[in-house]
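Below is one structure, written out as structure tokens; comments come after it.
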Amino acid sequence: MENKTHLVDEITGHRRMRRNRKADWTRRLVQENRLTVDDLIWPIFLIPGNGIIEPIPAMPGVNRMTVDKAVEAAKEAADLGIPALATFPNIEMELRDETGSNSLEKNNLINLASAAIKKAVPNIGVITDVALDPFTSHGHDGILRGNEIVNDETVEQVARAAVYQADAGADIIAPSEMMDGRIGAIRQALDAAGHQNVGIMSYATKFSSAFYGPYREAISTGGLLKGDKKTYYIDPANGTEAVRDAALDVEEGADMLMVKPGLPYLDICWRLKEAFGLPTFAYQVSGEYAMIKAAAANGWIDGERVMFETLLAFKRAGCDGILTYFAMDVARYLARK
Ligand code: PBG
């Protein structure tokens, strides 16, 4: 029995928050949010060729894979219960040009991967990005004319690319290039091509962030990028603008919303979920992953605990799921438990 002091008793009265925290069983009983394998979307990087898995230095534990290896990885992910993958291609430099024309090749790397994965592992969801950055020689997400990333021409192209992606087997199109009007245009194009069941997960609030650094290494756009993406991504200072931008996507027919990056933008996750009630996802991006990995490698934090804590924070902030490079680690951990 603890010695009570008159002073604390007078202040707390009968109110003691610690009663519910006193044992493992009470803590489990009152736990408000839980992370499960069903919350995970695993982003993977693709390279041309066969039989190759290559590490990405700025993202320890993350690899680029050829399509055959991606199929094996997809099988493993499905066996662990991961609901969906998000694929990002690192294509040959010779195939990149001013307009990102390879995005309109029926059998480009991302479409070959979708077809192969859906054939071998039909019950894992495939989510594909239609932004042009993996395909452009300047690393921008849209078509560059003079000094401008032109909006409407880019929207037309990404809508056409979305149809090829759906033809190849993509289940959800996830446009990340933040052009105005893209959700409506993609919805129309998909419907006109008979893809009524292909969904759209809008990268509704994509911020102009420094946290994307390692991703640009992963798909080799870092050295290419001229200038920055401030004329199309959202200023990190703006929350209300982000909600307005998401509202347009909802109006235009988005089935799901995404917030990107994740942890620095939990307020946006909460605001979108409150405002629209759509399935809402956070993208724990490459820089967030790299920071945790680097600190853990130095012994400065417990990497596994920080991983779980950050992912749970997304759930608490109202997210239905998380795109995370930790997906396989988490799924394996949960499977062992
Ligand atoms: C671009 C795109 C980005 C990411 C995915 N698609 C950002 C960018 O380079 O501008 C970032 C993902 C990550 O950092 O993990 N369309």
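Glycine too: its Cβ is placed from the backbone N, Cα and C atoms.
Residues or ranges marked as active site, schiff-base intermediate with substrate by TrEMBL: Lys206, Lys260.
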Among the active-site residues listed here, Lys206, Lys260, which has the most company in the form of other Cβ atoms within 10 Å of its Cβ? Lys206
Work out how many Å separate Lys260 (active site, schiff-base intermediate with substrate) and Lys206 (active site, schiff-base intermediate with substrate) at their Cα atoms, rounded off. 5
